[in-house]
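Asks: Handing you a structure now.
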Amino acid sequence: MKQFFEFLITTFLLLGLAAADEHIVYWNSTNSLFRNRQPTIEVRMGDVVRFVCPDNEEGRNDGEYLIVYEVTEFAMDDCALESHSREVIRCAPEGTAEKVLRTQQLSGGRREDWKKQKVPPKNVAQLIRQLNPIPNGKEYQPGQTYYYMTTSTGKANGTNHRMYGLCESQNMRLSMKVSASQPHPTRRAPTRRQEDFVTTASAELMGGQEDEDSDNDNAHLLPRDLEGSTNPKFRRPSQLETAGVENQQFMKVVQMAQAGKTGTFENEKEAIAQKSSEKDGWHPVNVQYVADLMNNAYQNADERISYQRDFEIHEENDLAVKSLEYSSSSTSLSTNFAILLAVIYVLY
């Protein structure tokens, strides 16, 4: 029953690995693979390696009976089993019950079919996986090499032989190199130039504004008409307002440059703004207001307390700058009159 459940689990795993590669190793002395000095196969994670026993039909006198072991590199080089060597498959003479069970599994359990069906050679599949759902199943790691061999003599009575055997006489040993799984091909996004395409993401980074095609799901693949874009951030320089250099002024500069002349020219907008500010007013105080204030101060001198400022106004037309200077005096009319009386009293 245990073997039946392991067979079912293996079958489902193989169905799930239909896209993986399957490597079949016919483990018999006539396989040309063992003619190489160092028999080696290369597999990837997710592949399946199937070891197939020799085809020992009933009545054949040249049948081979053996056991395949997973061993260390040192044991494979010496063709000698170690205590922890793992048995992979036993290609020994099968009993009647074992043949019947295996034939039923292959024929789907129908009695009338398995009696007529030829029994195929015994085989076992090794799933090259890092995690194996089968209890005590072998787990493999990428980048590692695993070694297999048989020390059986090939005869029925020499199946359990633990040294030399077919490993030495027929070079029946194998190195299996495991590499990483086949990488899946990645889809590369189409290459876009910044000046030809505008994406929704770029619009968000530049202020959260999008143009008229942003509602399209494939908007990032559509070329935009930058001349007619509603977003000023995506307009061409021809759409932007001038920075104060008018066309006539620019053409004049070009003509001067072609004639070999040098010099500077003033930004017209800034010049106009500066003249307008000078015409509208000046700082710090309005001249007419100060003049009126002074006249009122002199007319009411007798009624004011003894502190009055004398102002002097300057206007420099050549620099278009108006300034205001002042000097202070702490004398008043009443104070001067008192001093005059005191002087007359002393003299007389």
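Quick reminder: no glycine exception, Cβ is built from N, Cα and C everywhere.
The model shown is predicted, which means the values in this text are computed figures rather than measured ones.
Look at Swiss-Prot and you will find Cys53-Cys91, Cys79-Cys167 tagged as disulfide bond, backed by sequence analysis. Taken from Swiss-Prot, the feature domain 'Ephrin RBD' covers 21-178, and the record attributes it to sequence analysis. The annotation region 'Disordered' is assigned in Swiss-Prot to 207-237. Residues or ranges marked as signal peptide in Swiss-Prot: 1-20.
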Asks: I want to check the contact list for Cys53 (disulfide bond): same chain, sequence separation of six or more, C-beta distance under 8 angstroms. What comes out?
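Replies: Within the chain, Cys53 (disulfide bond) has Cβ neighbours under 8 Å at Trp27, Asn28, Leu66, Ile89, Cys91, Pro121, Lys122, Asn123.
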Asks: Note the mean pLDDT of the domain 'Ephrin RBD' (21-178), expressed as a whole number.
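Replies: 88, rounded to a whole number.
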Asks: Which of the three DSSP-derived classes (helix, strand, coil) applies to Cys91 (disulfide bond)?
Replies: strand
Asks: Give the sequence-ordered list of residues that share a chain with Cys167 (disulfide bond), lie 6 or more positions from it, and have CB atoms under 8 Å from its CB.
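Replies: Within the chain, Cys167 (disulfide bond) has Cβ neighbours under 8 Å at Met76, Cys79, Met149, Thr150, Thr151, Arg173.
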Asks: Which of Cys79, Cys91 (the disulfide-bonded residues) has the most other Cβ atoms within 10 Å?
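Replies: Neighbour-count leader: Cys91.
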